[in-house]
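Participant: Next up is a structure, given as structure tokens.
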Ligand SMILES: NC(=O)C1=CN([C@@H]2O[C@H](COP(=O)(O)OP(=O)(O)OC[C@H]3O[C@@H](n4cnc5c(N)ncnc54)[C@H](OP(=O)(O)O)[C@@H]3O)[C@@H](O)[C@H]2O)[C@@H](O)CC1
Ligand SMILES: Nc1ncnc2c1ncn2[C@@H]1O[C@H](COP(=O)(O)OP(=O)(O)O)[C@@H](O)[C@H]1O
Ligand SMILES: [K+]
């Protein structure tokens, strides 16, 4: 699913009115009606007090349309205009007149804290104060209104975006943002729903389709995409019935050190379970028995050193090499990695200490093959690209780094983001059960295994991150968040593959992108 920029959203609205021969007021009517339908379906006429807070722009206009429909359906509604500016959008004014036709309770004008109404915990707040048009800090008294919403503990439904969030930057003050219980977002989810600093402002979200022009939706290129099942299905390579293991490549996993051989076992098992033909693990001598005993499908090459990788030298011709898991940063390992990179032309996936070594020795970066995949967690990313001031700065720095070195970066975390050039691929699968030792090693393995099967590096990364999260989503049903461990994730790869071909549920849950049909 595409994430449109602010400019693209306005352009889509404009094109839709032109091509469908409708007025922008009609589009607003659709938007407000959709919100009404959503609420009406759930409330079935229940007489819960609903407070609809409207700004003075088109987000406020949506709120007025909603309030009108709620009033007409007999709900108990209070409508407010949050008068943070004396401007009014044209469609706001049209709907301001229309609401006067259906009620004698005209919207209440609010201009300061003295105007704040009582809101009981069992009431409902509709937040139609700011939409995507927010372009400067929110006035203090409006921030106080948002805090008033929060302290009421009432269910808060935000229209399009929690008011106070920008589309393209992190807000100045946390207190100036509505804490939404639920957000109904038009046309596409917003990038801020996926970023660590801003995702917390809506507990759940859902996209409402307001019927923007189909050609616009299909042909507009966006620089951020959410990766769900429908994005990865076209990537999937079916298996030829006559295929043999030679078709699916040979992964070499280089890593491990005394006490950290398990990382290599996990990555190697994940590579094989993702479908590669052969796996060889390259480890210090101390790990030989552990690896052979726990993972008999793997072949093993040992370094001359007992405890560390000191020389990456092998006679085999792997299709792809993963380097770094459990490897440590011993000076002999650093020198081994440098020598290896100087002679290597095989595609690489680099994780963990491999990344830490690159971060400290940035001259090694120019030795990487094009489209090397790097999978840092946030601390490793910081070592690699430097500190960032906020999430948007982080993404800009990651893009610049990817372009400069022609590498694919996976920014790991909840909603891992794959960055390549200017593109962001935001993963929709995964859960906090993955916050457990070794789950990153499993990710390294699955991406490596997919490259070995002939997926290009970017497709392998995007697909691998998706499958890794999906396996965890299925596994968590059996293990719960607390008991899920990295090995379970590998065991559920099969279920994640099979899930690709399951028919979707009528309404998808929020870990996949929700879309009301
Ligand atoms: N047909 C359509 O277009 C459809 C649009 N839809 C809806 O429109 C919403 C976007 O509407 P919008 O562009 O009118 O902006 P909105 O977020 O309501 O802000 C209002 C104005 O406030 C101003 N302002 C900004 N920051 C400020 C601040 N801190 N303090 C004070 N003032 C501030 C700024 O104006 P400025 O003063 O900068 O000229 C801004 O324009 C979108 O989220 C969706 O809900 C749907 O109906 C579908 C069809
Ligand atoms: N809260 C979360 N929600 C979804 N995925 C998560 C969450 N926490 C961690 N993960 C995923 O788990 C993996 C953790 O990787 P990493 O930190 O390298 O672990 P390790 O070093 O223990 O192998 C990443 O793929 C990350 O995206
Ligand atoms: K809003």
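Cβ coordinates come from backbone N, Cα and C, glycine included.
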Participant: Please pick, from 386, 438, 440, the residue that TrEMBL records in the AMP site together with 412, 413, 414, 415, 416.
Facilitator: 440
Participant: For the K(+) site, TrEMBL lists 127, 163; sort out which one of 59, 83, 95 goes with them.
Facilitator: 59
Participant: Binding-site residues 61, 127, 163, 377: which have a Cα within 10 Å of residue 416 (AMP binding site)?
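Facilitator: Checking each Cα against residue 416 (AMP binding site), the hits are 377.
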Participant: Where the criterion is a Cβ under 6 Å from an atom of ligand 3, which of the binding-site residues 58, 61, 377, 412, 413, 416 meet it?
Facilitator: none
Participant: Given the recorded K(+) site (59, 127, 163), which additional residues of the same chain have their Cβ within 8 Å of the Cβ centre, ordered by sequence?
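Facilitator: So the additional residues around the site are 53, 55, 60, 63, 128, 129, 130, 131, 158, 159, 160, 161, 162, 164, 178.
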Participant: Between all pairs in 412, 413, 414, 415, 416, 440 (listed as AMP binders), what's the biggest Cα distance, rounded to the nearest Å?
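Facilitator: Greatest Cα separation within the listed binding residues comes to 14 Å.
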Participant: Mind telling me which of the binding-site residues 135, 163 has the densest Cβ neighbourhood, counting other Cβ atoms within 10 Å?
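Facilitator: That would be 163, with the highest Cβ count within 10 Å.
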Participant: For the recorded AMP site formed by 412, 413, 414, 415, 416, 440, name the remaining residues of the chain with Cβ within 8 Å of the site's Cβ center, in chain order.
Facilitator: 377, 410, 411, 417, 427, 430, 434
Participant: Taking the Cα of residue 412 (AMP binding site) as the centre, which of the binding-site residues listed as 58, 59, 132, 163 lie within 10 Å of it?
Facilitator: none
